[in-house]
Amino acid sequence: MAKLDKIRNFSIIAHIDHGKSTLADRILEITGMVSEREKKDQYLDKMELEQERGITIKAQTVRIPYKANDGEEYILNLIDTPGHVDFSYEVSRSLAASEGALLVVDSTQGVEAQTLANVFLALDHDLEIVPVLNKVDLPSSDCERVAQEIEEVIGLDCSEPLMISAKTGLNVEDVLESIVKDLPAPQGDPDAPLKALIFDSWYDSYQGVVVLFRILDGTIKKGDKIQIHSTGRTFDVTTLGVYTPEPQKAKELAAGEVGFLCASMKELNDAPVGDTITLAADPVEDPFPGFQEVKPMVFCGLYPVEPAEYEPLKAALEKLQLNDTAFSFEPETSTALGFGFRCGFLGLLHMEIIQERLEREFQAKLIATAPSVVYQARLNNGEVLEIDNPSKMPDGGDLESLAEPFCRLEIHVPNDYVGAVLKLCEEKRGIQKDMRYLTSSRVIITYEVPFAEIMYDFFDKLKSHTKGYASLDYEIIDYRESNLVKLDILINTDPVDAFSAIVHKDSAYPFGRSLALKLKRAIPRQMFEIVIQAAIGRKIIAKERVAPFRKNVTAKCYGGDITRKRKLLEKQKEGKKRMKKMGNVEIPQEAFMAVLKAGED
């Protein structure tokens, strides 16, 4: 067992692409945790998608023995955290398991929005923060400016920042010395009752659920009967150990240490992230604060292209859910698409990742409907319904009011693009709250915007308006009443539920027109006329028609009586009428994606 004063638990905070995983790689190499043979980039990002997108999705830990310059042996526990805003709850739990954090900032870029969000999370947990300027070997590096930014924006003393290059390994030794010297040792009593924080968990097909935890007080041994605080369920610890970075078994772990355990748990809900582990024989009364159940905020329908693929898709979704409690799904049926699932996600990146994993790991062929947020409908009898699908919207007569989620956007942008960003936020029904200059050339703009407005193309538009220089962070703040209506799309007078959307009344007409036009372009011509209508209730607000193919039925008539030709044309007309009544309109996948791009024209 390690002595408390020789342990350092730390996280690395960084914006995407500022070099967090690369710094972790160098630390593992310098301390000899990864041999030359095993060496590879992004060592801790095990998932193929993490490697490819260059992002960290799941938290990982590594126990690193390190002999410092003072001759003492220290145990450094690196707790690797996701950096993206969708996974902010995981980040807050990982930070709660640490005493300190390395703030890695790209010296060519400066402080970005998501870095800032995670730094403030770290400060909320009273973490000691060490600023590290990365990529100093690049010619465009400007350490003085970035150090000044860190001091002004975050309020950290940055008079002597660590200047490193994680890629080449320059000065990474100094980072390890700084962890030992500047970060505090954990507090805790190994003899007190057990109290440990779960900061991540995943499902292993051999061992069941693997739980990553940090012990605050007490000691845990293999064979102990543990209790999960929020559920009250008890389990026997079958495996206990630490990651170095490969799993290594241990007989016992004590206060201040970070490790993993398996206890024959069958599903992730048995060990929710942020929960407290105690001993069943001696449970603690006060659990670790800040535990919350993660709620999905974005919903969309996922349908198999072939009806026969329904069961394999269900099995794939169940497997993904084993590793991701924030992801939820339930069966639903659509008149247009048949049987499928309504899936809930933390945010847009989370949705993209799940869809990509389904296609990649399970070879699923999917039709995805447009994502929607959760609305709150207040009925005349006072009841409040949560609506995650436009087709569940109650009738107008029963409805008293509709509320939608609002989020606070914090956009970091160079001075030259402020006008373009303000215009974009105003278009999205945003309310400006604040605008302050970090430096003479960089601005932070704060807006409150309906979450539904940033769902589809806000990120893309923001990047294109600012030539890729803007960075963004958002958090959902509250629900507000809005003048919202349900827009239906009718194809040959039949409503198609997959195209329904809830939109603001002011933008309903342009949105409906744009969507009808996009569908007209996406739906191929057929032997009969296709009429596309956009409607609010019974009022048609836009109409487009796809003209039918025309077969020349009179081609075989050479001269002769006009009545013969007329008879053939009448017969064709009758046939087309019957076809229109009976015929099914084939709607391609591109048409479902048209909903996402509606309103752009």
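Cβ from N, Cα, C; glycine included.
As written in Swiss-Prot, here are the features:
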- Asp17, His18, Gly19, Lys20, Ser21, Thr22, Asn134, Lys135, Val136, Asp137: GTP binding site (BINDING)
- 5-187: domain 'tr-type G' (DOMAIN)
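Here the features listed in Swiss-Prot are painted onto the structure.
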residue: Asp17; record: GTP binding site; Cβ within 10 Å: 15
residue: Gly19; record: GTP binding site; Cβ within 10 Å: 23
residue: Ser21; record: GTP binding site; Cβ within 10 Å: 24
residue: Asn134; record: GTP binding site; Cβ within 10 Å: 28
residue: Val136; record: GTP binding site; Cβ within 10 Å: 21
Taking all residues of the domain 'tr-type G' (5-187) together, what is their mean pLDDT?
77
Look up Asn134 (GTP binding site) in the DSSP assignment and reduce it to helix, strand or coil.
strand
